[in-house]
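Novice: Dropping a structure here in structure tokens format, bear with me for questions.
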Amino acid sequence: MSKMLSKIQWMKLLVPIVSVVLGLLCGAIIMVAAGYNPLLAYGSIVQSIFLQPYYTGETIRAMIPLVLSGLAVAFAFRTGLFNIGVEGQLLVGWFASVAAAIVFEGLPKVILLPLCIIAGGAAGGIWGFLPGFLKARFKVHEVISTIMMNYIALYTTSYLIKNFLYTEGERTPTIPSAASLASPTLANLTQGSRLHWGFIVAILAAVAMWFILWKTTRGYELRAVGFSPDASKYAGMNVSRNIILSMTISGIFAGLSGAMEGLGTYQYMMINSTFTGIGFNGIAVALLGLNTPVGVILAGALFAGLQTGGLTMQSVAGVPVELIQIVIALIIFFVGSSYVIKWALLRFSMRGHKN
Amino acid sequence: MPYAIEMKHIRKEFPGIIANDDINLQVEEGEIHALFGENGAGKSTLMNVLFGLYQPDEGEIYVHGKKVRIADPNDANRLGIGMVHQHFMLVEKFTVAENIILGREPTIHGRLDMTKAVKIVSDLSEKYGLDVDPMKKVEDITVGMQQRVEILKTLYRGSDILIFDEPTAVLTPLEIKELIDIMKRLVKEGKSIILITHKLKEIFEACDRCTVIRRGKIIGTIGIGETNPSDLADMMVGRKVNVRINNAPYEPKEKVLEIRDLTVLDSRKVKAVNQLNLTVHGGEIMGIAGVDGNGQTELVEAIAGLRKVKEGAIEINGNDVTNHKTRKIIEAGLGYIPEDRQKHGLVLDFSIGENMVLQTYYKKPYAFAGVLNNKVISKKAKQLIHEYDVRTPGEKTLARSLSGGNQQKVIVAREVDRSPQLLVAAQPTRGLDIGAIEFIHGKLLEEKEKGKAVLLVSFELDEILHLSDRIAVIFEGRIIDIVNPKETNENELGLLMAGRKKEEAQA
């Protein structure tokens, strides 16, 4: 019996791995069909990420918001909710952190930096709280309301920047260094990449997710409500409160993701005409990472690596950088069709068993 | 004459378990053949092999004397084998007729011929005495009628061998009687029937022969005329079955539950419980007898704080808990075994350990300052698994993977271990096999003997009669009579449940 269980768990782990392999393989086929050399292309990605400090730094830098967004999606998913609104929560978090930095300019770093990070998390939290409240109180489906909230966030932040924090170049002024996560040390270490201290925030957030969900009574409740709202209600839990709480915590993770962009990568916020895409990639990261904190970090690393290393693919192998988006899309496709992969793996392992 | 079905040396193995081990089964033409065994004995596996859902690892199948290979349900259908599943496979938004013809629709010029479909269905339903309304939507008809639709589906596809997979689990006593009449009529019309069941009563009312299966092996096939219920039960369980009855002295103590003039609305805003009064004392089992849909569910939900009380009051241990939060009521002394164990009693994707503390996880010693103490939870779960004989590899196993009987044991363990003053048990043994029923009845009686109050709601009259100290008959949301189980019988109770007053019932 325990042997069978471990087999099922193995299977679970194998699905994302097989998906990644298949995605890369199909990407290679497309490259060959288009007349490029896939070995050279993939080789350039690996080479740049692992041997060129600049790309290593940029990969870790790109990981930070991806991991936080992935955690946001995974946290909500673990409690039975589908938070499509990470993108919007990220935007308001980004804005709030930058706005706080500019408004409170002059405060010492020990106060200002935590304040800005908290502001970003809080703004995301509010943006998650609203759909959670609507769902708990009026049964508005969170997928619909979070998508709407994304647009509200996109245009509201643009409006606020234009009217209150505008500066040359369609953006806010640069934040004071007392609010910045950027680090000359880290930059020097990685030949001038934009790597910043936000990676510590991302790691802490992953630990927080694990701790909250699996070590606290609140997390026990959240998971119970996620699996079975009915049984939770019968056991005396407050289902509505847990839905709101879950969306709020998820929103905080997403808001932090935005704060990392504002305080770390860019040091300002631009007027976005479209979504950043990071929040949506968070869905894929969570899915590929099986909604576990460690999985999200690994999946975030993979996506960040592909995106960053993909830039060198063009210069080294002449492969258009868009192709890496196709590879990412293929990986997501294969994870999505995990049922087929599980079926194939089962067939394969059974045949092996008989012989 | 060849057998309608003959299965020889069937073996089916799943990882870690042999579900069917060298099984031989012979079903004669025109008989009702019971396949009798505990939950998890391998009955359904065997029938799924016959219906083409599983491939046997070894063995042969003969239909009407001819060796066949059944690769999928389509093959089974072609061979005239039809299955009425326990969980209906109907499209709720479709009409009865649409459901029956689905997959083999009569057409006219390439278009669906609904007139013909309705006629076919009416003819079939008349021929076999299966009363249905072809034009009604499935979501609007009773469970009993939905089952008749399932039967008609197999008949429409020309089946002459029908497999019924625990068909009575979802039916009321009256519907069970109707179903047995239908089965007898089908046999008279030349069909052969295999009835999968773990209920003795049905076997003796309906069947000609019975094959007993235990832990994947055939114990024997026996004519119903040559055996009796107690022997057959022993055969199934593999040891002497001890039917528990409540023979501890009846010494009621102080009031534990008091319900006064309670009115509760159902989901359609109709009064489901109407000015109901009821008192349950410590040291007694109060049975609630009634036909399904007379307010039992709403009454229990109101006690547990899951449904709003419109008027009236509920007191537990002298504390008013009317319209209190469920957690408050649990803390006031309520233990609750809900009717739907999978939906309401367990978080199926939680481990057994996590399920064991579903109401107490936030309390010491299971948690301190909001942080769970998984070691203590694990230890408690192991202890309860042992004490309540839950058959599982360990406390980390998901509740989903347990059999129905073991799932119910987890719930009973959790509720009884909290030692509540009032234990409400709603249909606590529905769908369970004799071994598990025996165990749960024993636990309810133990609680009574410890001086706790037990409110038992059940559609099984036997259960009510065997266990209760007093029986309250519920009809249209009111308690219309309270009777002494020693001075009544099934007939009288049946009449009371239909709304007759006692004087009329005795006349």
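For all residues, glycine too, the Cβ spot is worked out from N, Cα and C.
Per TrEMBL, the feature transmembrane segment maps to A:59-77, A:84-104, A:110-130, A:142-161, A:195-214, A:243-260, A:266-289, A:296-317, A:323-345.
Mind mapping these onto the model and telling me what they sit next to?
Specialist: For the transmembrane segment (A:59-77), the residues of the chain that approach it from at least six positions outside its boundaries are 49, 83, 86, 89-90, 124, 128, 193-196, 198-199, 201-202, 205-206, 209, 212-213, 246-247, 249-254, 256-258, 260-261, 264-265, 278-279, 281-283, 285-287, 289, 291-293, 295-297, 299-301, 303-305, 307-309, judged by C-beta separation under 8 angstroms.
Residues of the same chain lying 6 or more positions beyond the ends of the transmembrane segment (A:266-289) and with a Cβ under 8 Å from any Cβ of it are 16, 19-20, 65-74, 77, 84-91, 94-95, 98, 150, 154, 157-158, 161-162, 165, 169-175, 180, 182, 254, 257, 295-300, 302-303, 328, 331-332, 335-336.
Sequence-distant contacts of the transmembrane segment (A:296-317), counting only residues of its own chain at least 6 positions beyond either end whose CB sits under 8 Å from a CB of the stretch, comprise 16, 20, 36-37, 40-41, 43-49, 52, 55, 58-63, 66-67, 70-71, 74, 202-203, 206, 281, 284-286, 288-289, 323-324, 327-328.
Beyond the ends of the transmembrane segment (A:323-345), by six or more residues, the same chain brings 11, 14-16, 18-20, 22-24, 26-27, 30-31, 41, 45, 284, 287-288, 303, 306-307, 309-310, 313 to within a C-beta distance below 8 angstroms of the stretch.
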Novice: If we skip the immediate neighbours and take only residues 6+ beyond the ends of the transmembrane segment (A:243-260), which ones have a Cβ under 8 Å from one of its Cβ atoms?
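Specialist: Long-range Cβ neighbours of the transmembrane segment (A:243-260): 64-65, 68-69, 71-73, 75-76, 79, 81, 83, 85-87, 89-97, 116-117, 119-129, 131-133, 135-136, 142, 181, 196, 198, 201-202, 205, 209, 212, 218, 222, 225-226, 278-279, 282.
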